[in-house]
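Pulled from Swiss-Prot, these are the features on record:
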DISULFID  C7-C85  disulfide bond
TOPO_DOM  1-9  topological domain 'Extracellular'
TOPO_DOM  31-35  topological domain 'Cytoplasmic'
TOPO_DOM  57-85  topological domain 'Extracellular'
TOPO_DOM  107-126  topological domain 'Cytoplasmic'
TOPO_DOM  148-174  topological domain 'Extracellular'
TOPO_DOM  196-245  topological domain 'Cytoplasmic'
TRANSMEM  10-30  transmembrane segment
TRANSMEM  36-56  transmembrane segment
TRANSMEM  86-106  transmembrane segment
TRANSMEM  127-147  transmembrane segment
TRANSMEM  175-195  transmembrane segment
Amino acid sequence: QLRAFVCRLSSVIFYETMYVGIVLLGLIAFDRFLKIIRPLRNIFLKKTVFAKTVSVFIWSFFFFISLPNMILSNKEATPSSVKKCASLKGPLGLKWHQIVNNISQFIFWTVFVLMLVFYVVIAKKVYDSYRKSKSKDRKNNKKLEGKVFVVVAVFFVCFAPFHFTRVPYTYSQTNNKTDCRLQNQLFIAKETTLFLAATNICMDPLIYIFLCKKFTEKLPCMRGRKTIASSQENQSSQTDNITLG
């Protein structure tokens with residue numbers, strides 16, 4: 001029964017949230033791109049209302065395409081059928097599952113290509129800026145690089161390995177000529193990279209820390225650092241005043 005629950009509900013929710021995360025990362029990358037390349041244009045895209053509307057639309061879209069995958073897994077669960085989630089689906093369920101799979105693959109590869117384009121352009125812009133500054137402010141340049149590239153790092157660490165593995169794995173499942181040993185190896189690779197995709201939940205806070213100032217200011221450890229830094233500055237200014245006096 002637990003395995004049937006995984007097939008009908010939890011795995012569907014997992015994949016739904018994974019692709020929501022992929023799309024949102026793509027939008028964050030697009031936001032970084034606009035801020036660096038066109039900082040004074042497209043002001044309406046930066047408004048909170050617009051961001052909330054897009055977020056609600058994305059979650060609603062993935063919910064409605066995922067819901068039939070839960071409903072159409074309606075065959076009786078037996079010890080043999082739950083070994084493969086597709087066995088719980090009828091012909092309509094299998095067809096819808098394939099449609100959703102194709103949509104998901106299209107979304108990932110679209111975001112993948114766009115992210116490459118965005119960050120190639122951003123990297124060139126950052127490099128040109130770094131060269132013009134003649135390394136006078138190396139510390140700030142390093143901070144900027146960290147902030148700019150954290151999104152693409154999370155994307156490639158969490159999501160790219162799974163989708164690179166999923167292509168040959170899916171082919172091996174649909175091709176009867178594939179060697180059984182190779183199928184098992186690809187299955188292990190797919191499950192391992194799927195674990196990496198699940199670690200995205202741990203990587204998301206890095207994006208908030210690097211890119212969201214309001215979030216960082218609310219962290220107790222960061223507030224402590226800020227207090228220490230400000231007290232050190234006050235002590236330094238007091239010392240300077242005493243010395244000058």
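Heads up, residue numbers simply count up from 1 along the chain you see.
The backbone N, Cα and C atoms fix where each Cβ goes, and this holds for glycine too.
Computed over the topological domain 'Extracellular' (1-9), the whole-number mean pLDDT of the model equals 79.
Cβ neighbour counts within 10 Å, taken over all protein chains shown, single out C7 as the most crowded of the disulfide-bonded residues C7, C85. Note: the topological domain 'Cytoplasmic' (107-126) comprises 20 helix, 0 strand, 0 coil (DSSP; helix = H, G, I, strand = E, B).
Outside the transmembrane segment (175-195) by six or more residues, the chain places 161-162, 164-166, 168-169 with a CB less than 8 A from a CB of the stretch.
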